[in-house]
Amino acid sequence: MFTKCISCCGLAIISVFFACLFVENCAALQKTLRHYEIFHKDDVVHRVVKRGAKHSTNPFNTIKEVEFTTLGKNFRLILHPHRDVLHSKFRAYAVDADGNETVVHMDHDSFYSGRVFGELESSVRAHIEDGTMTMSIHLPEETYHIEPSWRHLPEAKKDTMVAYKASDVKVHKNEAGATPKTCGYIKEGLELEDKEHGDTLDNELHTREKRQSDQYEYTPTKTRCPLLLVADYRFFQEMGGGNTKTTINYLISLIDRVHKIYNDTVWQDRSDQEGFKGMGFVIKKIVVHSEPTRLRGGEAHYNMIREKWDVRNLLEVFSREYSHKDFCLAHLFTDLKFEGGILGLAYVGSPRRNSVGGICTPEYFKNGYTLYLNSGLSSSRNHYGQRVITREADLVTAHEFGHNWGSEHDPDIPECSPSASQGGSFLMYTYSVSGYDVNNKKFSPCSLRSIRKVLQAKSGRCFSEPEESFCGNLRVEGDEQCDAGLLGTEDNDSCCDKNCKLRRNQGAMCSDKNSPCCQNCQFMASGMKCREAQYATCEQEARCTGAHAECPKSPAMADGTTCQERGQCRNGKCVPYCETQGLQSCMCDIIADACKRCCRMSINETCFPVEPPDVLPDGTPCITGFCNKGVCEKTIQDVVERFWDIIEEINVAKTLRFLKDNIVMAVVLVTAVFWIPISCVISYFDRKKLRHEMKLIEWSQKLDLIHPSDERRRVIHIRVPRQKISVARACN
């Protein structure tokens, strides 16, 4: 009886332990998500439809229908296999402790893209393996994410998945209540002269200059950046669950979602210019370290056993790998937790011909090592020490690639760091973003301008041309006249045939699937609305012309129309409130007025709050950080950013701004400039005085009594022989 009681007590204790562990994991996930649901893979219905009797390698030959219910919504997904992000020479390898590579064979057909049934403006990116799904579902009003439960809830039932909305992702705060930095970035080295390719590059540049009297005439034809993805042993164990294929599939799915962000971006200098789009990524090689690397010769290795790494040191060690030269970019994925909650680091690209860092960079020599600075890294461990969710991983990786492509952090100006009421922060914001605000997955105008210059200058060196542009992907490419996607490949579209040609013999003038001003295969009547009004940019709604299938450029709003931040439209641009009053916009430097709208008479005048007082929206930059409910809250400075900015481009204005923003360090620096030389002089005289005193002490102990100052006086030593005295014995 006693033994039975002991057994029951033991089982109870074990049950309580695992229950507490599960609750702890749930609580950890609740720090990241406001709400989530768990469902089993058996709750998902899969249906596969074969398109024809003949086998075809066309990805649209097979349609997979997936249906399930979660988060109060029924999802019916229409999916097809796709390999957009896999290079034709794609290879994946598992690497052991001695560096031996083993080829890993992958099922490329487990990656899907598609749409939600009945939702015209929807898109889906998914990976399905043994019924367990990792996917992102984009709808006009919300984005849904699904991923395996084990990644965040180790004690959850096997074969279950976590579902959550993008709007339920929390923005993390650090101990001081500020939003932590997403990453740092590095500008390494100065201009390097690549003698071997100098003449070739000069000719290339000269030819391009002649071709680019208008810079918008040049559109890159090589649009894919080949990637090397490396997972260290920590990432393999934590995010891959100790399974090589799971790790590889996670990375492919991640890059697939990041590729969509880039591929849909129009790289332009100004909104009234066309720019170019379709720039993205393709994975050429994946390396997964299944165990820590054994060190040889005492050299540090990015995959060695080390509990704590400085993030910058880790990136530099990773950049020593010779194989990086064969790729556009190399990226390391780790599960290390870095100081300050940093989630990533990358070298910044530059449009200058021989600068190092970012895409298509020449090699760089530093401290006896050859570095390949087309690199970056991301961590899957946030500042809480928890694994990042899919949404966070997407944004962090996209952010680091943005640095590699040439963008620095968005400056604190309204154009590139708008408030939440104006769409929120953009992708390249210094601090982490939730991913829910409309701008969080977009590049700011500042980033667009920077990256565009780098792409035009360097993409031709190491990018590759798209290998699979095929009929049926809803994109009009090459000699296609239209592309109706899924319906078109079944020859069921009334405007576009299965060969992506317009059905002109049936009177088709355009395709409803590809042109906003096309309806029933005909140009829409003149005056039909095709684009909504944009008050933030002072653009009216656009209407079809009746003669073309494309939506024309939006006309400017009438002068005097109210636009963002109480401004007014003038000549098609939103003029800030202060300028409409004949004043200049500025930022009050008095804390009490820091979150009020302020103006000044001229550039050298003092800022003053307008009357009646106008409190700035939450998220607006202020003198020490960002406004929150009318109070200017201090945030952490991005020291790495400012430091490398100054080294890269030293000028008086930037130096003064740096000193002003870092007043404590400035005081220490200025004090040191004066104190160190003075200390050296004082120390010199102290030592001289000490030597003099030591000589005096030494003189006082001598017998010749010659003062040290009498150096010219000669001392003559006279040796006097002593007389020997003999003692005679008397003999009696």
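In case you wondered, yes, glycine gets a Cβ from its N, Cα and C as well.
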(request) Based on the record in Swiss-Prot, give the one of Cys530, Cys538, Cys569, Cys574 in a disulfide bond with Cys551. (result) Cys530
(message) Fewest other C-beta atoms within 10 angstroms of its own C-beta: which of the glycosylation sites Asn263, Asn492 fits that?
(response) Asn492
(message) Using DSSP and collapsing to three states, where does Asn263 (N-linked glycosylation site) fall: helix, strand or coil?
(response) helix
(request) Within 10 Å of Asn100 (N-linked glycosylation site) by C-alpha distance: pick out those among the glycosylation sites Asn263, Asn492, Asn604, and say none if nothing qualifies. (result) none
(request) Give the distance between the Cα atoms of Asn263 (N-linked glycosylation site) and Asn492 (N-linked glycosylation site), rounded to the nearest whole Å. (result) 28
(request) Could you work out which of the glycosylation sites (Asn100, Asn604) has its C-beta surrounded by the smallest number of other C-beta atoms within 10 A? (result) Asn604
